[in-house]
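To start, the structure under review is shown below, and the notes come after it.
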Amino acid sequence: MGYRVVVAGATGNVGREMLNILAEREFPIAELAAVASARSQGDQIEFGETGKMLKVQNIEHFDWSGWDIALFAIGSDATKIYAPIAAAAGCTVIDNSSLYRMEPDVPLIVPEVNPEAIDGYKARNIIANPNCSTAQMVVALKPLHDAATIKRVVVSTYQSVSGAGKAGMDELFEQSRNIFVGDPAEPKKFTKQIAFNVIPHIDKFLDDGFTKEEWKMVVETKKIMDPKVKVTATCVRVPVFVGHSEAINIEFEKELSAEDAQKILREAPGVMLVDKREDGGYVTPVECVGEFATYVSRVREDPTVDNGLVLWCVSDNLRKGAALNAVQIAELLGRRHLKKA
Ligand SMILES: NC(=O)c1ccc[n+]([C@@H]2O[C@H](COP(=O)([O-])OP(=O)(O)OC[C@H]3O[C@@H](n4cnc5c(N)ncnc54)[C@H](OP(=O)(O)O)[C@@H]3O)[C@@H](O)[C@H]2O)c1
């Protein structure tokens, strides 16, 4: 007994993680299809570490009828073409691109935060997965918001190159190697050298001087958690392969001590508190790779505002930021709405 599941973008960073996570979590699968562009047609791809090989199918010729769930990770342009076709054929699309996130009739879901919003999926048969930086932040913020009502958040991100797809990871690897051997390190995917550098620019610039990545953190947090919460973000690309980090300053309506916040976070779904206030007593991105949790460290009171806290938050951007959250949405959809074949 299980569902007929399609992974679209199965050859990409997020798609491969989706296959790993479906296998790791023993998602009930009756049949599984791996789909990507014509470039990958016929390639073999492993279903997690099960040893089972899947032949990649060309999305252009894929017949979506009879499939229950499609996990999409193919970018906005291709999603615009294929998601409506899949949804119209009766296959519920769980999409990782930014295309549908702010559509009012498409639910934007982080299962630990707003699971009940999934019930609105029937309007379009599409569910959106948030931006990677938003997903991990709201997992950490929601239990604190429930306890003391967040008024304002100031977040600075330290985002890994895998957030820019396979090409981003290749660029960091090649530039690092070229610099070591004295070869030129020309930027291609990123706007400036990423190896041994940081770049305060992710996605395109908007008229107000913020970038689209920063705007996404603002509007997605409001849609998922609470429209009254004010957010201001600075998003920065750093030379880390996998794992996004965030320094988050939070202002609450009510008083919340660091100790009480730690207690709440220790019990919160999806959160792992590692906060020892000693050398190495916090989590860094390399330690969160391949993990499910959103790690929170360095919880402390901010003496410069009333009811302020500061914390450090780290998660695997390919997992909670994309593939894991999408699979959790599929699990939620199954529990609440779908019948197993
Ligand atoms: N990386 C992250 O942290 C993250 C987080 C949240 C959301 N996302 C979103 O997830 C999506 C995928 O990101 P990624 O990091 O996995 O990128 P990626 O590593 O570059 O992989 C892109 C995938 O999309 C497929 N694809 C590209 N154009 C296509 C087309 N016209 N038709 C069908 N398939 C096509 C590719 O297939 P081929 O191999 O055949 O080219 C590949 O499987 C993007 O929308 C991204 O914004 C990524």
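Cβ atoms here come from the backbone N, Cα and C positions, even for glycine.
Among ASN317, ASN325, the residue that TrEMBL places alongside THR11, GLY12, ASN13, VAL14, ARG39, SER40, SER162, GLY163, PRO184 at the NADP(+) binding site is ASN317. Of the candidate recorded positions, ARG101, GLN159, ARG237, HIS244, the one lying closest to PRO184 (NADP(+) binding site) when CA atoms are compared is ARG237.
Taken residue by residue, the domain 'Semialdehyde dehydrogenase NAD-binding' (4-121) breaks down under DSSP into 39 helix, 30 strand, 49 coil. Under 8 Å, Cβ to Cβ, and six or more positions away along its own chain, ASN13 (NADP(+) binding site) finds ALA73, SER162, GLY165, LYS166, MET169, LEU318. Rounded to a whole value, the Cα-Cα separation of ARG237 (substrate binding site) and ARG101 (phosphate binding site) is 22 Å.
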